[in-house]
Amino acid sequence: MRLGPAVAKARTGQMVVFGLGLLTAERVGPRAREWLRGGVRPSCELVGDFANYPESRRTVSRIGRETWTWFLRIQGEKWACGNVISFGLFLSPLPTFIKIWRKNAVEQFSPIPYVATLLNCMLWVFYGLPIVHPNSMLVVTINGIGIVLEGAYLTIFFIYAPKDLRLKVLKILVGELAFMAVVVSVVLTVGHSHEKRSMIVGILCVIFGTCMYASPLTVMKMVVVTKSVKYMPFWLSLVSFLNGICWTTYALLKFDIFITADVVTLVQLPNVLGALLGFLQLVLYGCYCRSTPVVEQQNEERKKRQEVEMA
């Protein structure tokens with residue numbers, strides 16, 4: 001599997017890492033561009049005596065078909081940890097929906113985070129398709145899994161939610177599908193090159209990725225008001241924090257234009273925001289987890305008094 005155009009930044013004494021993105025190394029000749037576009041395999045690293053590389057009047061264009069003293073090492077699994085943590089993020093709401101299934105009620109759980117995540121996954125799958133951004137199979141697979149899991153969660157939510165909430169969720173889902181249809185039509189009509197299509201869809205991924213990470217704000221407000229973390233799942237908060245940290249680290253290493261801030265500062269926002277909000281959720285959990293049983297007991301007593309008064 002080839003990942004196509006690569007990022008290369010040469011510095012004396014350091015490794016050169018190739019990944020997804022735009023070739024930005026200094027003094028890159030046309031032969032290097034041609035070679036990189038034609039055949040770099042997943043995340044290759046140039047390893048060797050880089051410190052002895054004379055920086056002046058030597059070009060990266062000598063990489064590849066000429067004799068070279070360094071070696072390419074295939075690192076296809078280098079950032080597999082990012083996909084593992086993303087998978088954990090998609091899987092983390094499972095205990096919540098097991099509770100919903102057992103109680104046959106959604107209670108006060110909010111569907112907004114799952115609806116937002118579904119749209120985010122659909123956009124990233126579209127971004128990773130060959131017609132938009134070729135050779136991005138890892139992006140397609142992990143977000144494809146996300147679509148399946150979020151679809152399953154929303155199905156369970158739809159089954160056990162009251163009628164008015166069902167209609168609300170249904171309207172949002174129909175709106176998301178209509179939006180995706182418009183995006184696909186516009187991108188395929190207006191974008192006449194992979195670069196242009198990647199740019200359009202990538203920007204949308206950044207915008208709605210930010211919305212996905214911002215969606216727990218409503219739950220955080222409920223925690224502060226009720227002083228209870230019952231409806232803020234711990235595992236979702238923890239994995240959101242780890243996911244944000246992981247992909248922010250990935251961004252700082254400048255692999256992909258739509259994950260890094262190398263070209264556009266705004267594109268780091270979703271991952272930084274995800275790490276920040278995940279951290280704040282964990283702080284709230286630490287503050288209110290001990291008071292939650294007390295609050296729940298008070299609520300139960302209040303319900304019993306109301307039942308007695310009604311009787």
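Backbone N, Cα and C define each Cβ position, glycine as well.
Taken from TrEMBL, the feature transmembrane segment applies to 112-132, 138-160, 172-193, 199-219, 231-253, 273-295.
Outside the transmembrane segment (138-160) by six or more residues, the chain places 80, 83, 86-87, 90-91, 93, 97, 100-101, 103-106, 109, 111, 114-115, 117-118, 120-122, 124-125, 127-129, 166, 169-170, 173 with a CB less than 8 A from a CB of the stretch. With a threshold of 8 Å between CB atoms, the same-chain residues lying at least 6 positions outside the transmembrane segment (199-219) that come near it are 110, 112-113, 115-117, 119-120, 123-124, 126-127, 132-133, 183, 186-187, 190-191, 231-232, 236-237, 240, 244, 257-258, 266-267, 269-271, 273-274, 277, 281.
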